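A.B. asks: Marked as topological domain 'Cytoplasmic' by Swiss-Prot: 1-35, 79-88, 128-189. According to Swiss-Prot, the feature transmembrane segment maps to 36-55, 58-78, 89-105, 109-127, an assignment based on similarity to another entry.
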Amino acid sequence: MSQIIDQVQAALQNIDKELEKYPALKELEKQIPVPKSYILLGFVGFYFILIFLNIGGIGQLLSNIAGLVIPGYYSLLALETPGKADDTQYLTYWVVFATLNVFEFWSKAILYWVPFYYLFKTAFLLYIGLPQYGGAELVYKAIVKPLAQKLVNIQPHGGPSDSLKAQAQSAVDAAESHVPQGHSTGVSH
């Protein structure tokens with residue numbers, strides 16, 4: 001038991017060291033004699049309790065804020081780095097996030113019966129949004145990509161499908177065949 005307490009204390013000290021970067025937290029720590037790590041954990045705990053209770057539907061808002069703020073911050077950082085790996089992580093995240101929100105919009109009646117849905121959604125969004133877990137890529141490859149390939153016929157190389165291009169071209173050709181000589185459809189090849 002003593003070993004667990006020591007590990008928790010070490011983790012809290014590491015959190016305090018990381019939070020030294022934020023002047024507002026340092027000032028708050030001076031005003032109230034509580035370590036920054038305890039303030040952060042208290043805020044996070046209160047945040048999750050509000051999501052859990054979902055009073056007045058606030059769980060949905062707080063869940064979406066968690067799904068926007070943390071990955072949004074990392075996305076802005078990723079835009080400033082020269083590599084592509086982090087860009088791919090967050091582009092994938094936003095595709096999964098949007099897919100989840102569209103699904104959620106159309107299934108409110110079903111979600112009403114799922115207890116603590118927004119608590120689970122928040123945990124899921126953090127799982128797919130935090131880079132150390134790689135959850136967005138996993139969900140994308142397992143669910144979103146196969147669904148997109150089936151519904152939109154996206155080819156593995158990532159570009160528009162050849163059959164979709166062919167269908168669009170045949171629609172243009174069919175339209176042009178019905179236009180009298182000398183008139184233009186306004187569509188350029």
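All positions are counted from 1 along the displayed chain.
Using the three backbone atoms N, Cα and C, a Cβ is placed for every residue, glycine included.
Would you situate these features in the structure and describe their surroundings?
C.D. replies: The average pLDDT the prediction assigns to the topological domain 'Cytoplasmic' (1-35) is 89.
Outside the transmembrane segment (36-55) by six or more residues, the chain places 12-13, 15-16, 19-20, 22, 25-26, 28-29, 62-63, 66, 116, 118-119, 122 with a CB less than 8 A from a CB of the stretch.
Residues 47, 50-52, 86-87, 89-90, 93-94, 97, 101, 117-119, 121-122, 125-126, 129-131 of the same chain sit 6 or more residues outside the transmembrane segment (58-78) yet have a Cβ under 8 Å from a Cβ within it.
Sequence-remote contacts of a segment are chain residues at least 6 beyond its ends whose Cβ falls under 8 Å from one of its Cβ atoms, and for the topological domain 'Cytoplasmic' (79-88) they are 131, 137.
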A.B. asks: Report the DSSP secondary-structure composition of the topological domain 'Cytoplasmic' (1-35) as helix, strand and coil residue counts.
C.D. replies: 27 helix, 0 strand, 8 coil
